[in-house]
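S.K.: So that we are looking at the same thing, I have put the structure below in structure tokens.
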Amino acid sequence: MSADIRFDSLKTIVPAVSRETADRLIAFEDLFRKWSKAINLASPSTLADLWNRHILDSAQLFPLAKEATRWLDIGSGGGFPGIVTACFLAERSGGCIDLVESAGKKAAFLRTAAGHLYVPARVHSARIESMWEKIETPQVVTARALASLGDLFTLAEPWLSDGAKALFQKGRDYQREIDESRVGWSFDLVKHPSAIDQASVILEISNLRRKTD
């Protein structure tokens with residue numbers, strides 16, 4: 001797939017995207033493929049369609065909170081959506097994203113990617129719970145393929161209960177996860193259909209509170 005085709009496909013997700021951001025994302029794809037030969041960053045079955053399955057899928061989050069400058073991505077793994085978001089924030093004055101990843105090799109990759117791409121990302125090689133009091137409440141918390149919705153609420157509660165909103169990407173079982181999480185939590189919810197996978201959604205969560213009854 002040529003750079004022009006990638007750029008055009010990216011514009012269908014983020015119409016106002018610059019060529020500079022697209023070039024960063026293309027460079028990230030190349031770096032990801034290189035590192036994937038040495039460490040397991042993503043399922044091998046998805047590497048053939050890495051641009052669509054991971055990069056475009058991650059890119060669709062940014063327009064949902066495009067005015068936000070302070071982001072946090074938990075369980076960042078191979079950088080989806082964290083490094084992708086950082087590529088967009090690189091052109092935003094004062095923009096920054098914190099990436100939390102407990103696996104040392106993946107955290108090393110994230111640091112390399114952030115430096116290679118010159119993007120405003122801070123990488124924390126730590127468990128999410130250990131960062132509750134160390135990372136200032138962001139405007140947006142993201143997570144992709146990390147845990148059930150209820151478990152994500154527990155992991156992100158200190159930030160979400162302090163005014164941050166969440167953008168969590170979920171697959172076909174999302175409604176069951178929503179129903180189960182409402183047993184212990186109250187929250188406002190907006191469901192955004194995925195532009196990449198018709199069976200998936202992006203759950204926009206705000207005003208999270210733990211139920212006490």
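In case you wondered, yes, glycine gets a Cβ from its N, Cα and C as well.
So Swiss-Prot lists the following for this protein:
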- Gly75, Phe80, Ile128, Glu129, Arg144: S-adenosyl-L-methionine binding site (BINDING)
S.K.: Far apart in sequence but close in space: which same-chain residues, 6 or more away, have a Cβ under 8 Å from Phe80 (S-adenosyl-L-methionine binding site)?
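M.R.: Residues satisfying the criterion: Ala42, His54, Ile55, Asp57, Ser58, Arg144.
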S.K.: Least buried of the binding-site residues Glu129, Arg144, going by other Cβ atoms within 10 Å?
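M.R.: So among Glu129, Arg144, the binding-site residues given, the one with the fewest Cβ atoms within 10 Å is Glu129.
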